[in-house]
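Taking it in order: structure first as structure tokens, then the write-up.
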Amino acid sequence: MSFCKWVSFVLIIHLLNSCQISSSSSLTSNGFSQIPPKFLALAKRDDFFDWMIGIRRKIHENPELGYEEVETSRLVRTELEKMGVSYKYPVAVTGVIGYVGTGQAPFVALRADMDALAMQEMVEWEHKSKVPGKMHACGHDAHTTMLLGAAKLLKEHQDELQGTVILVFQPAEEGGGGAKKIVEAGVLKDVSAIFGLHVTNQLSLGQVSSREGPLLAGSGFFEAKISGKGGHAALPQHAIDPILAASNVIVSLQHLVSREADPLDSQVVTVAKFEGGGAFNVIPDSVTIGGTFRAFSTKSFTQLKKRIEQVITRQASVHMCNATVDFLEEEKPFFPPTVNDKDLHMFFKNVSGDMLGTQNYVEMQPLMGSEDFSFYQQAMPGHFSFVGMQNEAHSPMASPHSPYFEVNEELLPYGASLHASMATRYLLDLKTSSPNKSYQKDEL
């Protein structure tokens, strides 16, 4: 090889190496704003992406309901052990709490939920749920995978973390209030902020959405038993009809929103369960109804709860029936409204803007859906957001809680890198804003 060709060859190799992003390159060499795009590039590596897809599909094939996530948490622990990430288990029955960084304050937390839903998957594909009547229909398999991805990215750059990232693999978000148990366990008592993500089919791949302040409603459930006197359907005068009473109860409950609530204060009361009778010609002794109620303020939520009980019991008495109301607080604890911290929301917009471009942030309107992430926000500043997965080249994807729900796995690198970026940048920002503050007494 001639000298000129050799010099050209060496120059090309040097240029390629200088452009290549490797797991060992410094995240902050070109400033904090380059951290998100660097993490995204790392998460899009073929080996990294394939690893995440494999994990997500394993979780999807073996869905587990709230507080039953035994195999899911075992998978999480196995992957953390492979990375060399320390953890606590069990927390909140089946939860796993991982730690990456210095082991000292400041602490920032990232959260993913692990539980599935009690429904039959109708999507026919190679990795369909293997458990009859159970399905990951809300993307929690993707959430868990993305947080594992973030753990791997953070571990690869652990020396650059200016504090400790706490990884919260949470059980029982779907009505079980797993977040409440995590908070009560005390494992987040010194955390300065917590971030959570949720996949959505309402945004295109590469887009994110959130808002400052109220984001998701507070929610509760109720169940009522309305008792009358059974009898022959042809002789209603000798019976006390609980079905008629329950029907009037349901109509009256709708007036709580339409006639008692401020039209500018969004509220919902929905009766979604009605059980009574088993024959065409028999008036039953009792009827059971149940449903959910939602509101964006604690005051409105408390008022709704009070009025639901009053309407059910008093309307039943009008029809000479008795009624008892159970708000199922032990089984399905009330979820507070999800309210995003103002400063953390601005921080989220900055980080996501650096990663995806400011044009890919979408300001969302409040939703009447609920999230137990709100329990974290009652204990510390928190921020919840949505990550898009809709592929514009394909037909619209089914919404969460549908038996036809699917996850576009191309979103996995986006969620993993966004998690890792927010944690890394948050700790760096804390150090920059409080360079002389000592955290030495606060250790794991």
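Placed from the backbone N, Cα and C atoms, the Cβ positions cover glycine too.
Residues or ranges marked as Mn(2+) binding site in TrEMBL: CYS138, HIS140, GLU174, HIS198, HIS401. The annotation domain 'Peptidase M20 dimerisation' is assigned in TrEMBL to 218-316. According to TrEMBL, the feature signal peptide maps to 1-18.
This view paints the features noted in TrEMBL onto the structure.
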| residue | record | CB count, 10 Å |
| --- | --- | --- |
| CYS138 | Mn(2+) binding site | 22 |
| HIS140 | Mn(2+) binding site | 28 |
| GLU174 | Mn(2+) binding site | 20 |
| HIS198 | Mn(2+) binding site | 24 |
| HIS401 | Mn(2+) binding site | 13 |
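Sorting each residue of the domain 'Peptidase M20 dimerisation' (218-316) by its DSSP state yields 41 helix, 35 strand, 23 coil. Within 8 Å of the Cβ centroid of the Mn(2+) site, not counting the listed residues CYS138, HIS140, GLU174, HIS198, HIS401, the chain contributes ASP113, ASP115, LEU117, HIS136, ALA137, GLY139, GLU173, PRO400.
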